[in-house]
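Student: Input: one structure, supplied below.
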Amino acid sequence: MSMVDEPLYPIAILIDELKNEDIQLRLNSIRRLSTIARALGEERTRKELIPFLSENNDDDDEVLLAMAEELGVFIPYVGGVDYAHVLLPPLETLCTVEETCVRDKAVESLCRIGTQMKESDLVEWFIPLVKRLAAGEWFTARVSSCGLFHIAYPSATELLKAELRSIYSQLCQDDMPMVRRSAASNLGKFAATVEPNHLKTDIMSIFDELTQDDQDSVRLLAVEGCAALGQLLEPQDCVAHILPVIVNFSQDKSWRVRYMVANQLYELCEAVGPEPTRTDLVPAYVRLLRDNEAEVRIAAAGKVTKFCRILNPQISIQHILPCVKDLSSDSSQHVRSALASVIMGMAPVLGKDATIEQLLPIFLSLLKDEFPDVRLNIISKLDQVNQVIGIDLLSQSLLPAIVELAEDRHWRVRLAIIEYIPLLASQLGVRFFDDKLGALCMQWLEDKVFSIRDAAANNLKRLAEEFGPEWAMEHIIPQVLDKISNPHYLYRMTILHAISLLVPVMGPDITCHKLLPVVITASKDRVPNIKFNVAKVLQALIPIVNQSVSN
(Lines of atoms letter the chains of each structure in order from A and count residues from 1; the text may use other names and numbers.)
(Lines give C-alpha, C1' and ligand atoms only; values in the text may rest on other atoms or scores of the structure.)
Protein backbone atom coordinates (compact mmCIF):
# COMPACT_ATOMS: atom_id res chain seq x y z
CA MET A 1 0.00 0.00 0.00
CA SER A 2 1.39 3.41 -0.92
CA MET A 3 2.08 6.15 1.60
CA VAL A 4 -0.69 8.31 0.05
CA ASP A 5 -3.34 5.68 0.82
CA GLU A 6 -2.16 4.99 4.37
CA PRO A 7 -4.32 7.58 6.22
CA LEU A 8 -7.37 6.09 4.50
CA TYR A 9 -6.57 2.59 5.70
CA PRO A 10 -8.21 2.73 9.20
CA ILE A 11 -11.51 4.06 7.86
CA ALA A 12 -11.43 1.45 5.10
CA ILE A 13 -11.04 -1.32 7.71
CA LEU A 14 -13.86 0.16 9.77
CA ILE A 15 -16.23 0.34 6.81
CA ASP A 16 -15.35 -3.20 5.73
CA GLU A 17 -15.83 -4.61 9.23
CA LEU A 18 -19.02 -2.63 9.90
CA LYS A 19 -20.56 -4.18 6.81
CA ASN A 20 -19.28 -7.66 7.62
CA GLU A 21 -21.89 -10.36 8.21
CA ASP A 22 -20.08 -11.53 11.35
CA ILE A 23 -21.55 -9.56 14.27
CA GLN A 24 -18.37 -10.08 16.33
CA LEU A 25 -16.29 -8.28 13.70
CA ARG A 26 -18.80 -5.41 13.61
CA LEU A 27 -18.71 -5.20 17.42
CA ASN A 28 -14.89 -5.23 17.52
CA SER A 29 -14.87 -2.45 14.94
CA ILE A 30 -17.23 -0.26 17.02
CA ARG A 31 -15.21 -0.89 20.19
CA ARG A 32 -12.10 0.33 18.34
CA LEU A 33 -13.70 3.64 17.31
CA SER A 34 -11.40 5.66 19.58
CA THR A 35 -8.31 4.04 18.03
CA ILE A 36 -9.61 4.74 14.52
CA ALA A 37 -10.48 8.34 15.48
CA ARG A 38 -6.93 8.90 16.75
CA ALA A 39 -5.52 7.51 13.50
CA LEU A 40 -7.78 9.75 11.39
CA GLY A 41 -7.21 12.92 13.41
CA GLU A 42 -9.85 15.29 14.80
CA GLU A 43 -10.88 16.95 11.51
CA ARG A 44 -11.33 13.75 9.51
CA THR A 45 -13.18 12.18 12.49
CA ARG A 46 -15.66 15.08 12.38
CA LYS A 47 -16.02 15.13 8.60
CA GLU A 48 -15.88 11.43 7.73
CA LEU A 49 -16.24 9.09 10.73
CA ILE A 50 -19.19 10.75 12.52
CA PRO A 51 -21.28 11.22 9.31
CA PHE A 52 -20.56 7.59 8.43
CA LEU A 53 -21.81 6.48 11.87
CA SER A 54 -24.93 8.66 11.49
CA GLU A 55 -25.78 6.89 8.22
CA ASN A 56 -24.92 3.43 9.52
CA ASN A 57 -28.25 1.96 10.57
CA ASP A 58 -27.06 -1.45 11.76
CA ASP A 59 -29.94 -3.72 12.64
CA ASP A 60 -28.18 -5.48 15.50
CA ASP A 61 -28.97 -4.02 18.93
CA GLU A 62 -25.66 -5.15 20.44
CA VAL A 63 -23.71 -3.10 17.86
CA LEU A 64 -25.97 -0.07 18.36
CA LEU A 65 -25.58 -0.31 22.14
CA ALA A 66 -21.78 -0.38 21.82
CA MET A 67 -21.93 2.64 19.47
CA ALA A 68 -24.12 4.63 21.90
CA GLU A 69 -21.65 3.88 24.70
CA GLU A 70 -18.54 4.79 22.67
CA LEU A 71 -19.97 8.12 21.44
CA GLY A 72 -20.56 9.26 25.03
CA VAL A 73 -16.79 9.54 25.62
CA PHE A 74 -15.90 10.78 22.13
CA ILE A 75 -15.54 14.54 22.77
CA PRO A 76 -11.68 14.46 22.92
CA TYR A 77 -11.53 12.74 19.49
CA VAL A 78 -13.59 15.38 17.63
CA GLY A 79 -11.62 18.39 18.85
CA GLY A 80 -12.92 19.02 22.38
CA VAL A 81 -16.06 20.76 23.68
CA ASP A 82 -16.07 23.31 20.84
CA TYR A 83 -17.06 20.51 18.46
CA ALA A 84 -19.12 18.38 20.85
CA HIS A 85 -22.27 19.17 18.85
CA VAL A 86 -21.09 16.99 15.93
CA LEU A 87 -21.73 13.91 18.14
CA LEU A 88 -25.42 14.74 18.56
CA PRO A 89 -26.83 13.52 15.17
CA PRO A 90 -25.78 9.82 15.49
CA LEU A 91 -27.00 9.75 19.11
CA GLU A 92 -30.28 11.40 18.10
CA THR A 93 -30.84 8.56 15.63
CA LEU A 94 -30.06 5.99 18.35
CA CYS A 95 -32.65 7.67 20.63
CA THR A 96 -35.38 6.59 18.21
CA VAL A 97 -34.60 2.87 17.89
CA GLU A 98 -36.97 0.26 19.26
CA GLU A 99 -34.62 -1.49 21.71
CA THR A 100 -34.96 0.14 25.17
CA CYS A 101 -31.38 -0.49 26.37
CA VAL A 102 -29.96 1.21 23.22
CA ARG A 103 -32.18 4.27 23.76
CA ASP A 104 -31.27 4.45 27.45
CA LYS A 105 -27.55 4.31 26.66
CA ALA A 106 -27.95 6.98 23.94
CA VAL A 107 -29.78 9.26 26.41
CA GLU A 108 -27.05 8.63 29.01
CA SER A 109 -24.36 9.56 26.45
CA LEU A 110 -26.27 12.68 25.35
CA CYS A 111 -26.55 13.77 29.02
CA ARG A 112 -22.80 13.22 29.47
CA ILE A 113 -22.02 15.28 26.37
CA GLY A 114 -24.61 17.95 27.26
CA THR A 115 -23.06 18.57 30.69
CA GLN A 116 -19.74 19.41 28.98
CA MET A 117 -21.13 21.61 26.17
CA LYS A 118 -20.98 25.41 26.23
CA GLU A 119 -24.23 27.23 27.02
CA SER A 120 -24.37 28.82 23.56
CA ASP A 121 -23.93 25.40 21.93
CA LEU A 122 -26.65 23.91 24.14
CA VAL A 123 -29.07 26.60 22.94
CA GLU A 124 -28.00 26.24 19.31
CA TRP A 125 -27.76 22.44 19.06
CA PHE A 126 -28.95 20.53 22.16
CA ILE A 127 -32.31 22.23 22.83
CA PRO A 128 -33.47 21.89 19.19
CA LEU A 129 -32.55 18.16 19.42
CA VAL A 130 -34.73 17.78 22.55
CA LYS A 131 -37.62 19.56 20.83
CA ARG A 132 -37.30 17.37 17.73
CA LEU A 133 -37.33 14.19 19.81
CA ALA A 134 -40.29 15.43 21.91
CA ALA A 135 -42.25 16.06 18.70
CA GLY A 136 -41.19 12.73 17.17
CA GLU A 137 -43.84 10.79 15.29
CA TRP A 138 -42.71 7.48 16.75
CA PHE A 139 -43.17 7.11 20.55
CA THR A 140 -39.55 5.95 21.11
CA ALA A 141 -38.25 9.46 20.31
CA ARG A 142 -40.69 11.04 22.77
CA VAL A 143 -39.73 8.51 25.47
CA SER A 144 -36.02 9.40 25.02
CA SER A 145 -36.65 13.16 25.06
CA CYS A 146 -37.97 13.04 28.67
CA GLY A 147 -34.51 12.12 29.97
CA LEU A 148 -32.84 15.17 28.37
CA PHE A 149 -34.90 18.12 29.68
CA HIS A 150 -32.86 18.51 32.90
CA ILE A 151 -29.71 19.05 30.79
CA ALA A 152 -31.34 21.45 28.31
CA TYR A 153 -33.39 23.59 30.72
CA PRO A 154 -30.78 25.51 32.80
CA SER A 155 -29.08 27.04 29.69
CA ALA A 156 -32.30 28.06 27.92
CA THR A 157 -33.61 31.63 27.62
CA GLU A 158 -36.78 32.56 29.54
CA LEU A 159 -38.87 32.11 26.38
CA LEU A 160 -37.32 28.70 25.67
CA LYS A 161 -37.75 27.65 29.31
CA ALA A 162 -41.48 28.34 29.12
CA GLU A 163 -41.62 26.33 25.88
CA LEU A 164 -39.72 23.40 27.44
CA ARG A 165 -42.08 23.34 30.46
CA SER A 166 -45.06 23.35 28.09
CA ILE A 167 -43.57 20.52 25.98
CA TYR A 168 -42.91 18.44 29.13
CA SER A 169 -46.50 18.99 30.22
CA GLN A 170 -47.68 17.68 26.83
CA LEU A 171 -45.45 14.61 27.18
CA CYS A 172 -47.12 13.89 30.54
CA GLN A 173 -50.47 13.78 28.70
CA ASP A 174 -49.19 11.76 25.73
CA ASP A 175 -51.46 9.07 24.28
CA MET A 176 -48.80 6.42 24.78
CA PRO A 177 -48.40 5.11 28.39
CA MET A 178 -44.67 4.47 27.73
CA VAL A 179 -44.12 8.21 27.14
CA ARG A 180 -46.07 9.16 30.27
CA ARG A 181 -44.04 6.58 32.26
CA SER A 182 -40.79 8.13 31.04
CA ALA A 183 -42.07 11.62 31.87
CA ALA A 184 -43.08 10.47 35.37
CA SER A 185 -39.75 8.77 36.11
CA ASN A 186 -37.73 11.83 34.94
CA LEU A 187 -39.92 14.47 36.60
CA GLY A 188 -37.76 14.67 39.73
CA LYS A 189 -34.58 15.41 37.73
CA PHE A 190 -36.37 18.02 35.60
CA ALA A 191 -38.04 19.63 38.65
CA ALA A 192 -34.63 20.05 40.34
CA THR A 193 -33.59 22.46 37.54
CA VAL A 194 -36.82 24.50 37.47
CA GLU A 195 -37.11 27.85 39.32
CA PRO A 196 -39.07 27.74 42.63
CA ASN A 197 -41.96 29.93 41.38
CA HIS A 198 -42.53 27.66 38.35
CA LEU A 199 -42.03 24.58 40.52
CA LYS A 200 -45.16 25.39 42.56
CA THR A 201 -47.26 26.13 39.49
CA ASP A 202 -46.21 24.34 36.29
CA ILE A 203 -44.43 21.32 37.79
CA MET A 204 -47.04 20.68 40.48
CA SER A 205 -49.85 20.76 37.90
CA ILE A 206 -47.86 18.24 35.78
CA PHE A 207 -47.38 16.11 38.89
CA ASP A 208 -51.10 16.23 39.75
CA GLU A 209 -51.99 14.95 36.27
CA LEU A 210 -49.54 12.04 36.61
CA THR A 211 -50.93 11.05 40.02
CA GLN A 212 -54.39 10.70 38.49
CA ASP A 213 -53.26 8.74 35.43
CA ASP A 214 -55.46 5.78 34.53
CA GLN A 215 -52.39 3.52 34.12
CA ASP A 216 -51.03 2.11 37.40
CA SER A 217 -47.55 1.83 35.84
CA VAL A 218 -47.53 5.65 35.52
CA ARG A 219 -48.94 6.27 39.01
CA LEU A 220 -46.37 4.04 40.68
CA LEU A 221 -43.56 6.09 39.07
CA ALA A 222 -45.28 9.23 40.36
CA VAL A 223 -44.75 7.82 43.89
CA GLU A 224 -40.98 8.26 43.37
CA GLY A 225 -41.75 11.81 42.26
CA CYS A 226 -43.38 12.45 45.65
CA ALA A 227 -40.07 11.95 47.47
CA ALA A 228 -38.07 13.92 44.87
CA LEU A 229 -40.49 16.88 44.82
CA GLY A 230 -40.86 16.80 48.58
CA GLN A 231 -37.16 17.58 48.97
CA LEU A 232 -37.46 20.57 46.60
CA LEU A 233 -40.58 22.18 48.11
CA GLU A 234 -40.89 24.21 51.31
CA PRO A 235 -42.27 22.13 54.25
CA GLN A 236 -45.69 23.84 54.18
CA ASP A 237 -46.03 23.33 50.40
CA CYS A 238 -44.96 19.73 50.85
CA VAL A 239 -47.72 19.13 53.41
CA ALA A 240 -50.27 20.89 51.20
CA HIS A 241 -49.40 19.20 47.89
CA ILE A 242 -47.45 15.98 48.52
CA LEU A 243 -49.01 14.59 51.71
CA PRO A 244 -52.58 14.16 50.34
CA VAL A 245 -51.13 12.37 47.29
CA ILE A 246 -49.17 9.91 49.49
CA VAL A 247 -52.26 9.18 51.61
CA ASN A 248 -54.36 8.59 48.46
CA PHE A 249 -51.67 6.39 46.93
CA SER A 250 -51.58 4.25 50.11
CA GLN A 251 -55.21 3.37 49.33
CA ASP A 252 -54.77 3.07 45.55
CA LYS A 253 -56.79 0.34 43.84
CA SER A 254 -53.59 -1.09 42.30
CA TRP A 255 -51.43 -3.15 44.69
CA ARG A 256 -48.31 -2.18 42.69
CA VAL A 257 -48.85 1.50 43.57
CA ARG A 258 -49.41 0.61 47.24
CA TYR A 259 -46.27 -1.55 47.11
CA MET A 260 -44.28 1.43 45.81
CA VAL A 261 -45.63 3.64 48.63
CA ALA A 262 -44.64 1.00 51.20
CA ASN A 263 -41.17 0.76 49.65
CA GLN A 264 -40.64 4.54 49.56
CA LEU A 265 -42.42 5.41 52.81
CA TYR A 266 -39.32 6.29 54.83
CA GLU A 267 -38.12 8.72 52.13
CA LEU A 268 -41.66 10.17 51.92
CA CYS A 269 -41.68 10.69 55.71
CA GLU A 270 -38.40 12.59 55.47
CA ALA A 271 -39.96 14.79 52.78
CA VAL A 272 -43.07 15.80 54.80
CA GLY A 273 -41.43 16.07 58.24
CA PRO A 274 -42.11 14.50 61.68
CA GLU A 275 -45.45 16.11 62.63
CA PRO A 276 -47.41 15.21 59.45
CA THR A 277 -45.81 11.75 59.64
CA ARG A 278 -47.33 11.20 63.09
CA THR A 279 -50.78 12.54 62.21
CA ASP A 280 -51.28 11.40 58.60
CA LEU A 281 -48.70 8.80 57.62
CA VAL A 282 -48.99 6.50 60.66
CA PRO A 283 -52.59 5.54 59.73
CA ALA A 284 -51.48 5.11 56.10
CA TYR A 285 -48.57 2.87 57.18
CA VAL A 286 -50.85 0.77 59.42
CA ARG A 287 -53.13 0.22 56.40
CA LEU A 288 -50.14 -0.95 54.34
CA LEU A 289 -49.01 -3.34 57.11
CA ARG A 290 -52.52 -4.86 57.02
CA ASP A 291 -52.83 -4.81 53.21
CA ASN A 292 -54.55 -7.78 51.59
CA GLU A 293 -51.64 -8.24 49.13
CA ALA A 294 -48.61 -10.12 50.51
CA GLU A 295 -46.16 -8.11 48.35
CA VAL A 296 -47.35 -4.86 49.95
CA ARG A 297 -47.04 -6.34 53.45
CA ILE A 298 -43.50 -7.56 52.61
CA ALA A 299 -42.41 -4.05 51.56
CA ALA A 300 -44.11 -2.44 54.57
CA ALA A 301 -42.71 -5.01 57.05
CA GLY A 302 -39.17 -4.40 55.75
CA LYS A 303 -39.43 -0.71 56.71
CA VAL A 304 -40.91 -1.16 60.19
CA THR A 305 -37.73 -0.35 62.15
CA LYS A 306 -36.81 2.67 60.03
CA PHE A 307 -40.38 3.98 60.37
CA CYS A 308 -40.41 3.53 64.17
CA ARG A 309 -37.16 5.51 64.46
CA ILE A 310 -38.92 8.69 63.31
CA LEU A 311 -41.79 8.19 65.78
CA ASN A 312 -41.68 8.39 69.55
CA PRO A 313 -41.72 4.97 71.31
CA GLN A 314 -45.26 5.49 72.65
CA ILE A 315 -46.80 5.88 69.17
CA SER A 316 -44.80 2.87 67.93
CA ILE A 317 -46.08 0.71 70.80
CA GLN A 318 -49.65 1.94 70.40
CA HIS A 319 -50.04 1.78 66.60
CA ILE A 320 -47.22 -0.21 65.00
CA LEU A 321 -46.61 -3.07 67.49
CA PRO A 322 -50.12 -4.61 67.15
CA CYS A 323 -49.51 -4.86 63.38
CA VAL A 324 -46.06 -6.38 63.98
CA LYS A 325 -47.62 -9.06 66.20
CA ASP A 326 -50.07 -9.91 63.44
CA LEU A 327 -47.30 -10.02 60.82
CA SER A 328 -45.23 -12.43 62.94
CA SER A 329 -47.92 -15.04 62.31
CA ASP A 330 -48.71 -13.92 58.74
CA SER A 331 -49.82 -16.61 56.29
CA SER A 332 -46.98 -15.65 53.91
CA GLN A 333 -43.51 -16.91 54.89
CA HIS A 334 -41.95 -14.07 52.88
CA VAL A 335 -43.76 -11.47 55.02
CA ARG A 336 -42.48 -13.17 58.18
CA SER A 337 -38.98 -13.32 56.69
CA ALA A 338 -39.02 -9.59 55.82
CA LEU A 339 -40.20 -8.79 59.36
CA ALA A 340 -37.56 -11.06 60.93
CA SER A 341 -34.78 -9.28 59.01
CA VAL A 342 -35.56 -5.90 60.66
CA ILE A 343 -37.56 -6.53 63.86
CA MET A 344 -34.46 -6.91 66.07
CA GLY A 345 -33.62 -3.28 65.29
CA MET A 346 -36.84 -2.23 67.06
CA ALA A 347 -35.37 -3.18 70.45
CA PRO A 348 -33.11 -0.08 70.77
CA VAL A 349 -35.98 2.11 69.49
CA LEU A 350 -38.61 0.86 71.97
CA GLY A 351 -36.33 0.51 75.01
CA LYS A 352 -35.79 -2.27 77.56
CA ASP A 353 -39.26 -2.59 79.14
CA ALA A 354 -41.22 -2.64 75.87
CA THR A 355 -38.70 -5.07 74.36
CA ILE A 356 -39.09 -7.51 77.25
CA GLU A 357 -42.88 -7.25 77.39
CA GLN A 358 -43.79 -6.87 73.73
CA LEU A 359 -40.93 -7.91 71.44
CA LEU A 360 -39.42 -10.98 73.14
CA PRO A 361 -42.53 -13.14 72.59
CA ILE A 362 -42.48 -12.13 68.91
CA PHE A 363 -38.74 -13.00 68.64
CA LEU A 364 -39.43 -16.42 70.17
CA SER A 365 -42.28 -17.19 67.80
CA LEU A 366 -40.12 -16.19 64.81
CA LEU A 367 -37.19 -18.28 66.13
CA LYS A 368 -39.50 -21.30 66.05
CA ASP A 369 -40.89 -20.48 62.59
CA GLU A 370 -41.18 -23.43 60.20
CA PHE A 371 -39.46 -21.47 57.42
CA PRO A 372 -35.62 -21.53 57.78
CA ASP A 373 -35.04 -18.02 56.35
CA VAL A 374 -37.21 -16.52 59.10
CA ARG A 375 -35.14 -18.27 61.79
CA LEU A 376 -31.89 -17.25 60.09
CA ASN A 377 -32.88 -13.58 59.96
CA ILE A 378 -33.59 -13.54 63.69
CA ILE A 379 -30.36 -15.36 64.65
CA SER A 380 -28.14 -13.02 62.65
CA LYS A 381 -29.36 -9.91 64.53
CA LEU A 382 -29.43 -11.18 68.15
CA ASP A 383 -26.68 -8.79 69.25
CA GLN A 384 -29.04 -5.79 68.74
CA VAL A 385 -31.37 -7.22 71.41
CA ASN A 386 -28.52 -8.08 73.76
CA GLN A 387 -27.46 -4.40 73.83
CA VAL A 388 -30.93 -3.48 75.14
CA ILE A 389 -32.00 -6.26 77.54
CA GLY A 390 -28.65 -7.68 78.66
CA ILE A 391 -27.23 -11.17 78.44
CA ASP A 392 -29.04 -12.67 81.47
CA LEU A 393 -32.50 -12.08 80.06
CA LEU A 394 -31.38 -12.98 76.57
CA SER A 395 -29.96 -16.30 77.74
CA GLN A 396 -33.06 -17.15 79.79
CA SER A 397 -35.56 -16.32 77.08
CA LEU A 398 -33.82 -17.03 73.79
CA LEU A 399 -31.00 -19.49 74.53
CA PRO A 400 -33.21 -22.60 74.72
CA ALA A 401 -34.51 -21.76 71.25
CA ILE A 402 -30.94 -21.22 70.00
CA VAL A 403 -29.84 -24.61 71.35
CA GLU A 404 -32.82 -26.17 69.57
CA LEU A 405 -31.80 -24.47 66.32
CA ALA A 406 -28.27 -25.83 66.67
CA GLU A 407 -29.73 -29.20 65.68
CA ASP A 408 -32.03 -27.76 63.00
CA ARG A 409 -32.63 -29.99 59.98
CA HIS A 410 -31.64 -27.18 57.60
CA TRP A 411 -27.84 -26.96 57.54
CA ARG A 412 -27.84 -23.22 56.74
CA VAL A 413 -29.61 -22.55 60.04
CA ARG A 414 -27.04 -24.68 61.90
CA LEU A 415 -24.30 -22.75 60.07
CA ALA A 416 -25.75 -19.39 61.17
CA ILE A 417 -25.83 -20.59 64.78
CA ILE A 418 -22.17 -21.72 64.60
CA GLU A 419 -21.10 -18.34 63.21
CA TYR A 420 -22.94 -16.62 66.05
CA ILE A 421 -21.41 -18.83 68.81
CA PRO A 422 -18.13 -16.87 69.36
CA LEU A 423 -20.11 -13.62 69.79
CA LEU A 424 -22.53 -15.38 72.13
CA ALA A 425 -19.61 -16.90 74.02
CA SER A 426 -17.97 -13.52 74.58
CA GLN A 427 -21.29 -12.13 75.86
CA LEU A 428 -22.22 -15.12 78.06
CA GLY A 429 -18.85 -15.65 79.65
CA VAL A 430 -16.83 -18.82 80.04
CA ARG A 431 -18.83 -20.56 82.82
CA PHE A 432 -22.21 -20.15 81.14
CA PHE A 433 -20.71 -21.20 77.82
CA ASP A 434 -19.26 -24.42 79.25
CA ASP A 435 -22.61 -25.39 80.76
CA LYS A 436 -24.86 -24.72 77.80
CA LEU A 437 -22.95 -24.65 74.55
CA GLY A 438 -19.67 -26.53 74.98
CA ALA A 439 -21.07 -29.95 73.99
CA LEU A 440 -22.73 -28.50 70.90
CA CYS A 441 -19.42 -27.18 69.55
CA MET A 442 -17.96 -30.69 69.65
CA GLN A 443 -21.08 -32.26 68.20
CA TRP A 444 -20.81 -30.08 65.06
CA LEU A 445 -17.38 -31.57 64.24
CA GLU A 446 -19.20 -34.76 63.27
CA ASP A 447 -22.01 -33.16 61.25
CA LYS A 448 -23.04 -34.78 57.96
CA VAL A 449 -22.52 -31.51 56.01
CA PHE A 450 -18.94 -30.45 55.20
CA SER A 451 -19.68 -26.70 55.54
CA ILE A 452 -20.85 -27.30 59.11
CA ARG A 453 -17.76 -29.36 60.02
CA ASP A 454 -15.51 -26.69 58.45
CA ALA A 455 -17.30 -23.89 60.32
CA ALA A 456 -17.13 -25.93 63.55
CA ALA A 457 -13.31 -26.20 63.22
CA ASN A 458 -13.05 -22.43 62.69
CA ASN A 459 -15.41 -21.92 65.60
CA LEU A 460 -13.05 -23.83 67.95
CA LYS A 461 -10.17 -21.59 66.90
CA ARG A 462 -12.21 -18.43 67.59
CA LEU A 463 -13.29 -19.80 70.99
CA ALA A 464 -9.66 -20.60 71.90
CA GLU A 465 -8.76 -16.99 70.98
CA GLU A 466 -11.67 -15.68 73.08
CA PHE A 467 -11.08 -17.74 76.27
CA GLY A 468 -7.32 -18.34 75.99
CA PRO A 469 -4.99 -21.38 75.54
CA GLU A 470 -5.39 -22.62 79.14
CA TRP A 471 -9.18 -22.90 78.77
CA ALA A 472 -8.77 -24.51 75.35
CA MET A 473 -6.24 -27.02 76.77
CA GLU A 474 -8.81 -28.07 79.38
CA HIS A 475 -12.05 -27.97 77.37
CA ILE A 476 -11.25 -28.29 73.65
CA ILE A 477 -7.98 -30.15 73.04
CA PRO A 478 -8.76 -33.43 74.90
CA GLN A 479 -12.14 -33.79 73.17
CA VAL A 480 -10.73 -32.93 69.75
CA LEU A 481 -7.89 -35.43 70.10
CA ASP A 482 -10.32 -38.16 71.19
CA LYS A 483 -12.14 -37.81 67.88
CA ILE A 484 -9.04 -38.52 65.74
CA SER A 485 -9.84 -42.23 66.06
CA ASN A 486 -13.33 -41.82 64.54
CA PRO A 487 -13.99 -44.73 62.13
CA HIS A 488 -15.12 -42.37 59.35
CA TYR A 489 -12.17 -40.81 57.49
CA LEU A 490 -14.05 -37.54 56.70
CA TYR A 491 -14.43 -36.83 60.40
CA ARG A 492 -10.74 -37.62 60.98
CA MET A 493 -9.91 -35.07 58.25
CA THR A 494 -12.03 -32.45 60.06
CA ILE A 495 -10.05 -33.07 63.25
CA LEU A 496 -6.76 -32.58 61.35
CA HIS A 497 -8.13 -29.32 59.96
CA ALA A 498 -9.17 -28.23 63.48
CA ILE A 499 -5.64 -29.03 64.79
CA SER A 500 -4.01 -26.95 62.03
CA LEU A 501 -6.27 -23.99 62.99
CA LEU A 502 -5.67 -24.36 66.74
CA VAL A 503 -1.85 -24.58 66.48
CA PRO A 504 -1.17 -20.78 66.12
CA VAL A 505 -3.44 -20.07 69.12
CA MET A 506 -2.08 -22.81 71.40
CA GLY A 507 1.60 -21.93 71.04
CA PRO A 508 4.75 -24.09 70.53
CA ASP A 509 4.77 -26.02 73.85
CA ILE A 510 1.26 -27.48 73.62
CA THR A 511 1.76 -28.05 69.89
CA CYS A 512 4.94 -30.10 70.39
CA HIS A 513 3.74 -32.10 73.40
CA LYS A 514 0.06 -32.65 72.59
CA LEU A 515 -0.80 -31.96 68.96
CA LEU A 516 2.28 -33.05 66.98
CA PRO A 517 2.27 -36.70 68.23
CA VAL A 518 -1.39 -37.06 67.12
CA VAL A 519 -0.59 -35.69 63.66
CA ILE A 520 2.41 -38.01 63.29
CA THR A 521 0.27 -41.00 64.30
CA ALA A 522 -2.32 -39.95 61.68
CA SER A 523 0.42 -40.11 59.00
CA LYS A 524 0.19 -43.91 59.27
CA ASP A 525 -3.56 -43.82 58.45
CA ARG A 526 -4.69 -46.33 55.82
CA VAL A 527 -6.66 -43.63 53.86
CA PRO A 528 -4.50 -41.72 51.32
CA ASN A 529 -6.56 -38.54 51.77
CA ILE A 530 -5.69 -38.48 55.47
CA LYS A 531 -1.96 -38.84 54.71
CA PHE A 532 -2.20 -36.02 52.18
CA ASN A 533 -3.88 -33.78 54.78
CA VAL A 534 -1.29 -34.74 57.40
CA ALA A 535 1.37 -33.40 55.00
CA LYS A 536 -0.54 -30.09 54.75
CA VAL A 537 -0.92 -29.88 58.54
CA LEU A 538 2.80 -30.60 59.08
CA GLN A 539 3.62 -27.75 56.70
CA ALA A 540 1.56 -25.41 58.94
CA LEU A 541 3.26 -26.83 62.05
CA ILE A 542 6.86 -26.31 60.87
CA PRO A 543 7.16 -22.58 61.82
CA ILE A 544 5.63 -23.26 65.28
CA VAL A 545 7.82 -26.34 65.97
CA ASN A 546 10.95 -24.51 64.75
CA GLN A 547 10.17 -21.73 67.19
CA SER A 548 9.93 -24.29 70.02
CA VAL A 549 13.24 -25.93 69.05
CA SER A 550 15.05 -22.59 68.85
CA ASN A 551 13.74 -21.65 72.30
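Yeah, the Cβs are placed from backbone N, Cα and C, and that goes for glycine too.
Straight out of TrEMBL:
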type	residues	note
REPEAT	10-48	repeat 'HEAT'
REPEAT	164-202	repeat 'HEAT'
REPEAT	203-241	repeat 'HEAT'
REPEAT	242-280	repeat 'HEAT'
REPEAT	281-319	repeat 'HEAT'
REPEAT	320-358	repeat 'HEAT'
REPEAT	359-397	repeat 'HEAT'
REPEAT	398-436	repeat 'HEAT'
REPEAT	437-475	repeat 'HEAT'
REPEAT	515-551	repeat 'HEAT'
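Looking at the shown structure, can you explain where the listed features end up?
Tutor: Long-range contacts of the repeat 'HEAT' (10-48) within the same chain, counting only residues at least 6 positions beyond its ends with a Cβ under 8 Å from a Cβ of the stretch, are 56, 58, 60, 62-63, 66-67, 70-71, 73-74, 77-79, 83, 86.
Under 8 Å from some Cβ of the repeat 'HEAT' (164-202) lie the Cβ atoms of residues 127, 130-131, 134-135, 139, 142-147, 149-150, 152-154, 156, 209-210, 213, 215, 217-218, 221-222, 224-225, 227-229, 232-233, 237, all in the same chain and six or more residues away from its ends.
If one looks beyond the repeat 'HEAT' (203-241) by at least 6 residues along the same chain, the residues whose Cβ comes under 8 Å of a Cβ in the stretch are 165, 168-169, 172-173, 177, 180-181, 183-185, 187-192, 194, 248-249, 252, 254, 256-257, 259-261, 264, 267-268, 270-273, 276.
Proximity of distant same-chain residues to the repeat 'HEAT' (242-280), defined by a Cβ-Cβ separation under 8 Å and at least 6 residues beyond the stretch ends, is recorded for 207, 211, 216-217, 219-220, 222-224, 226-227, 229-231, 233, 235, 287-288, 291, 293, 295-296, 299-300, 303, 306-307, 310-311, 315.
The DSSP breakdown of the repeat 'HEAT' (281-319) into helical (H, G, I), extended (E, B) and coil residues amounts to 30 helix, 0 strand, 9 coil.
Beyond its flanks by at least six residues, the repeat 'HEAT' (320-358) meets 282, 285-286, 289-290, 294, 297-299, 301-309, 311, 313, 365-366, 369-371, 373-378, 381-382, 384-385, 387-389, 393 of its own chain at Cβ-Cβ distances under 8 Å.
The average per-residue pLDDT of the prediction over the repeat 'HEAT' (359-397) is 74, rounded to a whole number.
Helix, strand and coil content of the repeat 'HEAT' (437-475), in residues and according to DSSP, is 34 helix, 0 strand, 5 coil.
Within its own chain, the repeat 'HEAT' (515-551) has Cβ neighbours under 8 Å at 477, 481, 484, 489, 492-493, 496-497, 499-500, 502-504, 506-509, counting only residues six or more beyond its boundaries.
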Student: For the repeat 'HEAT' (203-241), how many residues does DSSP put in helix, in strand and in coil?
Tutor: 33 helix, 0 strand, 6 coil
Student: What are the helix, strand and coil residue counts for the repeat 'HEAT' (164-202) according to DSSP?
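Tutor: Across the repeat 'HEAT' (164-202), the residues distribute as 30 helix, 0 strand, 9 coil.
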Student: Counting only residues 6 or more past its boundaries, what in the same chain has a CB within less than 8 Å of a CB in the repeat 'HEAT' (437-475)?
Tutor: 403, 406, 411, 414-415, 418-419, 421-422, 424-426, 428, 430, 483, 486, 490-491, 494-495, 497-498, 501-502, 505-507, 510, 514
Student: Could you break down the residues of the repeat 'HEAT' (515-551) into DSSP helix, strand and coil, giving a count for each?
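Tutor: Breakdown, helix to coil: 31 helix, 0 strand, 6 coil.
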Student: Tally the residues of the repeat 'HEAT' (242-280) by DSSP class, grouping H, G and I as helix, E and B as strand, and everything else as coil.
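Tutor: Residue counts for the repeat 'HEAT' (242-280) by secondary structure: 33 helix, 0 strand, 6 coil.
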Student: When DSSP states are grouped into helix, strand and coil, how many residues of the repeat 'HEAT' (320-358) land in each?
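Tutor: So the counts come to 31 helix, 0 strand, 8 coil.
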Student: Residue counts in helix (H, G, I), strand (E, B) and coil for the repeat 'HEAT' (10-48), per DSSP?
Tutor: 33 helix, 0 strand, 6 coil
